[in-house]
Amino acid sequence: MLNKPVLVESLIVFVIVLFVHAVVWDRYSWCAVALAVQAFYVQFKWDRLLQLGGAVFQFRTAANSGLLPASMVIPLLGIVMKERCKSAGIVYFERFGIVVASTGMLVALFLSVIAVGITKPVPTNTCILTGVAGSIIIYTMKHSLTVSEVIEVLEVLLIFVYLSMILLYLLPRCFTPGEALLVLGGLSFVLNQLIKRSLNVIEGRGDPIDFFLLVAVVGVVLLGLFFTVLFIFMDSGTWISSMFFHMMTAVLGLGVIMPWLYRLIQRNPLFWLLQFLFQTQTRVYLLVYWTFLAASACGVVFYQNAKRSSESKKHQASTITRKYFHFIVVATYIPGLIYDRQLLYVAAVLCLAVFIFLEYIRYFRIKPFGQTLRHLLSLFLDERDSGPLILTHIYLLLGMSLPVWLFPRSCAPKGTLSGAGALVPYSGVLAVGVGDTIASVFGSTMGEIKWPGTKKTFEGTMTAIFAQIIAVALILIFDSSVNLNSSYAWILASVSLVSLLEAYTTQIDNLLLPLYLQIMLMA
């Protein structure tokens, strides 16, 4: 029997795909539509495998597979990036967008083939659809990509296969198949880009902040893999193991990551970072303001834990309490987006590295703070944190930061896109910081009419749409670089579709919603 919420979620994704390709229809559109159709059918095979426990790895059980919404994100991002850079006349990034789209399609197709291959009995109709979609995608790639680009796509696919086997085995119940596709697909692409740029370093070419992002992400992931393997053979909770953890972190950071970054930016990374952070008085003010907000977030954590100790050990933070952090993140990102986006870019990278490192300390119980972090953060767990890692706060940071990191600066004259594209860096603020937060708060307190088959309410969704429209109006008032050029109907449609997706998806909305809103705004 078909799941009605999954059908509605799929319908919303199909509408987004058709909206995007109504604007940028070309040969890749046929590939995207074919991929969406086959992902829709394969998604139900994945759902059945998860219900019967027949999947190769242990996935998150409180959600459906999410294959269709996840499969379309990277291909659509590549297609809209290609169109934007083509209109700006930047050939290099136009070709880069084609590579991104092709890579996303091939990785999604690979995940579909895995599901079809392990389903018993073999689903004939789904196999035919997957074969047709694969033929269309491969035929288009053959006539669109150069030999070097084909090799790059295959490299990312190979990295994705190995990362999937390693991380899904080490981290059971942390992802759904769709979330694994997004997270591991993104990691695979970042790792491949870092290797490619490290082998072809040209002095003076490339923005140091882009290299900083690549090295930081790959560095912390490799650090985690190293300690995961190491602590298989020794107890991570002892003082000797903890001292070894801190010592090896310093050795790998100063002996591997720093020289790697030095090779890419051709200057001392620490001196460059300090000079960058304190370059202007505005940056100093922003850093002081962000430090105050970080202290406020820590204060909320300590206060809620003290409240738990005084009331009951079974006390869990409410939805509204968890949304405090959304308000703090909105207050963090909006000044950065208005006054200094480059500083926000680098600060978000640093914050991501710190979050992941603290999660390592919590997960491995590294002394002296590991057990304390476990106790403090357990208060904020929800059903999505069913695996050994706590990832919701990292997803929140990623959802707010990805639109800033993925913004095609080289294809944007004067640092901003025209029309609705001017709101692209604000996608995370609108979708997660405003929309998701308002929907949760108003839906849980005043909502009465529930969307069929879900716990989300009609009132929450409508309030979220209204709040995002008000937020757009405020952005127009306070950010002089934003010029929408009368594209208000498109913005309203984009916000409405993403808010509906929030009501029906069971995937990590902090990660999925900003990416879909960015795709719609860039189209």
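Quick reminder: no glycine exception, Cβ is built from N, Cα and C everywhere.
All TrEMBL annotations are machine predictions without curation.
According to TrEMBL, the protein has these features:
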| type | residues | note |
| --- | --- | --- |
| TRANSMEM | 12-41 | transmembrane segment |
| TRANSMEM | 61-80 | transmembrane segment |
| TRANSMEM | 92-116 | transmembrane segment |
| TRANSMEM | 153-171 | transmembrane segment |
| TRANSMEM | 211-232 | transmembrane segment |
| TRANSMEM | 244-262 | transmembrane segment |
| TRANSMEM | 282-303 | transmembrane segment |
| TRANSMEM | 345-365 | transmembrane segment |
| TRANSMEM | 386-406 | transmembrane segment |
| TRANSMEM | 426-446 | transmembrane segment |
| TRANSMEM | 458-478 | transmembrane segment |
| TRANSMEM | 490-517 | transmembrane segment |
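Outside the transmembrane segment (458-478) by six or more residues, the chain places 338, 423, 426, 429-431, 434-436, 438-440, 442-444, 446-451, 484, 491-492, 495-496, 499-500, 502-503 with a CB less than 8 A from a CB of the stretch. The stretches the transmembrane segment (61-80) and the transmembrane segment (490-517) meet in space: the count of Cβ pairs below 8 angstroms, excluding pairs fewer than 6 apart in sequence, reaches at least three. When Cβ-Cβ distances below 8 Å are used as the criterion, the transmembrane segment (490-517) is approached by residues 5, 8-9, 12-13, 15-16, 19, 62-64, 66, 69-70, 73, 77, 176, 178-179, 182-183, 384, 391-392, 395-396, 398-400, 402-403, 419-420, 423, 427-428, 430-432, 435-436, 439, 451, 454, 456, 460-461, 464-465, 468-469, 472, 484 of the same chain, each at least six residues removed from its ends. Where the transmembrane segment (345-365) meets the stretches 153-171, 211-232, 244-262, the count of C-beta pairs under 8 angstroms peaks at 211-232. Through the fold, the transmembrane segment (244-262) approaches residues 198, 211-212, 215-216, 219, 222-223, 226-227, 230, 236, 268-270, 357, 364, 366 of its own chain, all at least 6 residues removed from its boundaries and within a Cβ separation under 8 Å. When each of 92-116, 211-232, 386-406, 426-446 is checked for Cβ pairs under 8 Å to the transmembrane segment (153-171), 92-116 comes out on top.
Within the chain, the transmembrane segment (211-232) has long-range Cβ neighbours (under 8 A, six or more residues past its boundaries) at 166, 170, 187, 190-191, 193-194, 197, 241, 245, 248-249, 252-253, 256-257, 260-261, 264-265, 269, 273, 345-346, 349-350, 352-353, 356-357, 360, 364, 405.
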